[in-house]
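Before any comments, here is the structure.
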Amino acid sequence: MSYVTIDQVTKGYENQVVLNNISITLKKGEFATLLGQSGCGKSTLLRSIAGLEGVDAGRILIDGIDITNLSPRQREVGMVFQSYALFPNMSVFDNIAYGLKMKKVKNIKSRVKKIIEMVDLIGKEESYPHQLSGGQQQRVALARALVMEPKVLLLDEPLSALDAKIRKSLQKELKRIQKELDITTIFVTHDQEEAMTMSDRIFVMNNGQVVQSGSPSEVYTSPVNTFVAKFIGNYNVYDMEVFRKIVRNRELKGTEVAIRPEVLQLVSVGEDSLDLQENWGIKGFIKDVSMTGNVLRYEVETEESAFHVDYLHHRGKMFEQGALVHILVPKKECIIL
Amino acid sequence: MKASLTFHKLMVGLLVIYLLIPLVGTLLFSIAGKWDHTILPESYTMKWYIELFQDERFYDAFRRTLFLIVMSVGLSVVIMLPTIFIITVYFSKWEGFLQAAAMLPYGIPPIVGAVGLIKVYSDGPIQIAGTPWILIGAYFITILPFMYQGIRNSLRTVNAVQLVDAAELLGATKFQAFRTVVFPNIISGILVSTLLSVALLFSEFAFANLLVGGRFETIQIYLADKLNSSGHLTSAIVITYYSMILLLTGTVLKLSFRKEKNPVVSNKNRILSLFKKQYRHKNTALEGEK
Ligand SMILES: Nc1ncnc2c1ncn2[C@@H]1O[C@H](COP(=O)(O)OP(=O)(O)O)[C@@H](O)[C@H]1O
Ligand SMILES: [Mg+2]
């Protein structure tokens, strides 16, 4: 039984289709991520779920109730905006208590206190938003949504305005809180790494459509098309015509082939032990080496094309720029698209 | 670094002198007894002020001007604030139209406007030509561009649309959202354009003279009338109403900083921090100590 159902939702502005027949279902307590490039319609979808935008066609259900035509305040969803949208005239405490006051619930104080503890803002109750750091403001925005105990929590790129270090720690914390409250969450990001680390399920979006959905490892290891392959995994993607020439094999079918950079192996030319049963061997030279933290990325130029190859950065062994190498391409790791 | 700072100070100083000289001249003239061949007056007297403050006409004119200003500025806030809010938040398509409408008054010279207004309102269903009401209408239009810009910019600055979105998701109605999160955050911005409008209307002469003239003597018409009798007296009037505006500005600013503890403290801090930013290079030591 699905808890959130988005059923063939379509929406356009003037002459542009922004959401094109989107269907998504989520289980209760699931952490789902909408992943896609800027402008692909992620925010619009989120705002449609929140009721801040109407849809042209389709239905949205939460917990069995059709909320498509309800106003935002009737939907029981919480949202954290990219720019937080904290109320500048209110203290942290009043920001968080705002929704409870509007609903006129009892024991506001204790509920706000509890949530302030949870997001680790003790001591900041009387501060105003402009006196807080970006990370703290983000926590207030989160607390303000969570204190209402919404059925679904919507997060629109909540971490993208923060610097890398704070971002990493907030990712962990957000995940911890989400698990602790077991709250169904839809998270929006354009950062594939962030999507991978946080999600139970990823919905990859492109041009207003969901192009692939699945667990992070499913999406990563078996992309359904070139877009996902390039966007998610930094895959090497080749036109099949070109790839047939590269590996000198006319029998291969399909239109394109995608190969993850970390399954490729480099062997210095002259070393003999090439396993050409399981692999294709391609001659080339190291055109460039770059380092992103623990990963070494080689740009290898071959006669017909170029590959990028990722290696974990071990001490010692490293190919120099200009070195002649064989690239070993494992046959079963080539994903035919 | 040092040299350029001195240069800046010099420029600002010159500008201040340039702006203040006419005012200082007026002030001196208003308290001058005999002032013919010297740089500074030869003798001083308060008699122009005494004469002014004993004139019932002055008080009446002042009261009338105040009435006109309060009515037109008040009306403008009451009508424009909800209108602009509703249009920016819910009908953003129409914003361009509203903006064009608000800028129209710039295009019409007061004389043309006045003649047109008199023509329209001297007969027909609404006969208010020659009454203060037509002047209030004209003033409403005069300050429209300022009020429009001020209110719209305030709404933009605080990102009113998103604040309303957030408040609505937390269970507020649109009206509650406006009252609790939009209004408190734009009030200081609106006060600025209100003040600007008040100052503008204080010195408005063309419409007042053409539309109602002597039938409803405003401070400017009184001033124009006195211009013929004594320069000293007119100087005293000018200084008096400058002081009034100064007092008004000061009070409103002070009020906007103090009223209620919370929002305004934060406003004040925000403005202070703006100043601090500009002078950070100067008092890093002070900041470090905190
Ligand atoms: N209010 C609007 N009016 C017209 N077009 C809009 C509006 N909001 C968003 N769009 C368009 O819809 C598309 C998707 O926007 P958005 O959902 O914000 O993308 P994302 O969040 O994925 O970056 C963009 O091309 C954007 O220009
Ligand atoms: Mg977005």
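Glycine residues also receive a Cβ, built from the backbone N, Cα and C atoms like all the rest.
Not measured: the values here are computed from a predicted model.
Of all ranges given (B:103-122, B:163-182), TrEMBL attaches the label transmembrane segment to B:103-122. Same-chain residues lying 6 or more positions outside the transmembrane segment (B:66-91) and placing a CB less than 8 Å from one of its CB atoms are 98, 132, 135-136, 139-140, 142-144, 147-148, 151-152, 155-156, 160-161, 164, 178, 182, 190, 194, 197-198, 201-202, 218. Panel annotation: around the transmembrane segment (B:12-32), residues 40-41, 43-46, 48-49, 231-232, 235-236, 238-239, 242 of the same chain, lying at least six beyond its termini, place a Cβ under 8 Å from a Cβ of the stretch. Sequence-distant contacts of the transmembrane segment (B:128-148) (same chain, at least 6 residues past either end, Cβ-Cβ under 8 Å): 64, 67-69, 71-73, 75-77, 80, 84, 98-99, 102-103, 105-106, 113-114, 117-118, 121-122, 193-194, 196-197, 200-201, 204, 207-208, 211-212, 215-216.
Counting same-chain residues at least six beyond the ends of the transmembrane segment (B:186-212), those with a Cβ under 8 angstroms from any Cβ of the stretch are 65, 68-69, 72-73, 76-77, 81, 110-111, 113-115, 117-118, 129-132, 134-135, 138-139, 142-143, 146-147, 149-151, 153-155, 157-158, 160, 218-221, 224, 241, 244-245, 248-249, 252-253, 256, 263-264, 267.
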